[in-house]
């Protein structure tokens, strides 16, 4: 009996020991899983932590696949866009020479004929010259080797020196000096050396489209009314032909040349008016940027920097003005806050002179109103005071 009790007690002790060992192993496994979870969570937060992270950064990250697709489509379709610009412009010029010019020579007075011939050909020469220079001129790229420039950073994608106002183009896969944007209609970046050509092309193309739209308004109305009259007469002719018996189809009321003439006039006016509205808005936007001495990218950067400094109380909220006296205590003035300004702005008038390369008054004729391949001020690597700027600006608070 005692031997059985001892055996039963030994078995129970062994069973309890196994249960205790299993419980320890189970608790140890749970502790290991919990430690791995906390370690992974800490690693993820350390990798994704950024003090500058906000809603815009998250939105840009979500749209990164869309940006990648747009970059590759723009890269491969740049040649198609350039061919489209050349084709549409050539069609408008052909319609003007074939359809409108003979009509102008027959109906207009000699003074108006001279005006149309002079202005039309001058505008056409300026468009062709600036578009050719914009697509063939390199925007400028920083040197890949080490340089002695002060205050340069390193591009994270090129791993090369990145001077001030230089940005990386994801489509060209290179850094561009004073980059404004990548234009698919040029199949080229708009940068330091071809920014003036791009803006001049937009300006003269807009002027040419407005000129064609205004001067061809009466012709467009007559052509549109003629086309509507053609449709009505064609409908009546078909109704008469359906009620009668003919061995052959009756001849058309209007000839092919008349139809082509009226449809070409309508096509010219609609295309020129549409381009004038779209390209005119883009030209006004870039004119505002030039007036402020900014590029499209710098406009975005300066706005973000202004908002950041305003939150810290380092710059005034109102543009161009500083803060006044404090109202918390009447006898203690608050420090006057400096207005945020673009450090590369020399004033509205001087910004235009620097952008267009106007050093002396005669340059307004030889470099602005006539085709000129002159280079912009500076090399795009450093931004010293241009010679056309009359006075040095006071130090400004900016990035």
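Yeah, the Cβs are placed from backbone N, Cα and C, and that goes for glycine too.
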Inset, instruction - Can you dig out which of the ranges 24-45, 46-67, 112-133, 134-155 TrEMBL describes as transmembrane segment? - result: 112-133
Legend entry - Per TrEMBL, the range holding transmembrane segment, considering 173-196, 197-220: 197-220
Inset, instruction - Over the domain 'Palmitoyltransferase DHHC' (153-300), work out the mean pLDDT and round it to an integer. - result: 87
Legend entry - Intrachain residues whose Cβ lies under 8 Å of the transmembrane segment (76-100), provided they are six or more past its termini: 120, 124, 127, 131, 135, 184-188, 212, 216, 219, 261, 264-265, 267-268, 271-272
